[in-house]
Amino acid sequence: MGKKHKKHKAEWRSSYEDYADKPLEKPLKLVLKVGGSEVTELSGSGHDSSYYDDRSDHERERHKEKKKKKKKKSEKEKHLDDEERRKRKEEKKRKREREHCDTEGEADDFDPGKKVEVEPPPDRPVRACRTQPAENESTPIQQLLEHFLRQLQRKDPHGFFAFPVTDAIAPGYSMIIKHPMDFGTMKDKIVANEYKSVTEFKADFKLMCDNAMTYNRPDTVYYKLAKKILHAGFKMMSKQAALLGNEDTAVEEPVPEVVPVQVETAKKSKKPSREVISCMFEPEGNACSLTDSTAEEHVLALVEHAADEARDRINRFLPGGKMGYLKRNGDGSLLYSVVNTAEPDADEEETHPVDLSSLSSKLLPGFTTLGFKDERRNKVTFLSSATTALSMQNNSVFGDLKSDEMELLYSAYGDETGVQCALSLQEFVKDAGSYSKKVVDDLLDQITGGDHSRTLFQLKQRRNVPMKPPDEAKVGDTLGDSSSSVLEFMSMKSYPDVSVDISMLSSLGKVKKELDPDDSHLNLDETTKLLQDLHEAQAERGGSRPSSNLSSLSNASERDQHHLGSPSRLSVGEQPDVTHDPYEFLQSPEPAASAKT
């Protein structure tokens, strides 16, 4: 048999207290009577009652004494026992949890296909998935701009450009500088990812240096430092320095404090070490002095910056567009050089040949020449607009112009502007007199090459307005305007051998002398009749357009034969023949006269 373990003291005490708290009950007594005499007394428990009574009394007293002692201890250590019990319970719980985790871990180790997942403690933050980029992770352009900013801030050891400048530091700064900039603001913009390209970062850097050179005088430390930083910064951020891996653009590694200049770089610098050291430890007084080589590099950096800004502006306003200029090649061909190329860092310039194949479409099958066909949408009709129609109808020279009449005006004056100008000039001198009208007509004839007079004659012929042909009108005007017209007519009398019958010229001088007042009325009536006949003839001829086949037309009518067919036989003494139809001057000379000649 195994060894019997004793109960724990606390458990024994609790069981004893439970037993002591129970009230003691007296056993029942049984009295048996046999034949009227008492026999024996049996207790319900089967023990002696006297012995039980003595023992119960003794235990009761002992229990009372222990109870008194326990009350004293409980009053003193009651609060201590509660805390100890709580601590013990917590420690037991922790031990149980550890043992439970260890047992589960050992059981899971035997299962190779099952993954062990251990929950991290609640105070540690939950890690994000590595495949997803973190929110605070910087982009490549941000890393590049942060590197540039660190390099630029190292060139400002005193921190002049580290923070924004206020009016308390520099009086009147806000009145002079409208767009302030500093390294702190640039850093905030880098963190906020407001720079979309290096060009914008360079623009803010140049703005900061320009503000310092604008506010400060050239002999101040701030001006010299700003100019020095501007030159070094643009040189560092130039494309050539980035491609060659210059010492300023290479990422610097931490070096011992004893060495003032970094020696190890990603690539070897083209400059000797002495020149680099002299540049970095150059005194502030000589910061403004630039040699020819450094000045050229500075100008080159500024030109590259301006070119980058222009390229970005073009790409922003015309995305995908190609702007450039024409240049002639060595062999004489034309090339179109593109400025805003898709790859600005490309070594070769983007060019396109300019020839007929690039300007015209392909030759269609069956055609031997490249024809040009203008689209209907490109055709401009001047009469389609309401403004043109109103402006043409409201003129006082020609009212209610028709489409064919407008075509005549356009053929004479060229375009709408020319028509309006001609009509405006004629309307201006409408009531000014014949001399002003003649001056305007001569001016328009000189401009249009004589088309003005021919157009007016055709228009008035269509409207049945009597008017001399332009050639005859000019001849008549020149003869009427000359002061020596009578002498010229008289001088023609000395030429009897001419083919024209000039016998009527001898009677021109006698007309005014021999006319009586009574005969003047008769002459006026005849002149009126002749004018009416002329008007009817012009209306008859002007109403119909001449046909293209003039050779197949019939002979002249009887009326035309009456006016044009009969030769004039004027004598010196016949006065009434002067008032005949003026068309008689257009007839051909008689055959007899020609025979004489």
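Backbone N, Cα and C define each Cβ position, glycine as well.
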Quick check on the record annotations: which of K9, K155, K373 is tagged SUMO2 cross-link by Swiss-Prot? K373
Select from 1-25, 451-475 the stretch of residues annotated by Swiss-Prot as region 'Disordered'. 1-25
Look at each of the recorded sites, I169, Y222, and point out the one with the fewest other Cβ atoms around it within 10 Å. I169
Beyond a gap of at least 6 residues from its ends, the CB atoms lying under 8 Å from the compositional bias 'Basic residues' (86-97) belong to none
Distance [Cα-Cα, Å, rounded] between Y222 (site 'Histone H4K5ac H4K8ac and histone H4K5bu H4K8bu binding') and I169 (site 'Histone H4K5ac H4K8ac and histone H4K5bu H4K8bu binding'): 13
Its residues classified by DSSP, the compositional bias 'Basic residues' (86-97) shows 12 helix, 0 strand, 0 coil
Segment confidence, the domain 'Bromo' (136-240), expressed as mean pLDDT: 88
Across the domain 'Bromo' (136-240), what are the DSSP residue counts per state (helix, strand, coil)? 64 helix, 0 strand, 41 coil
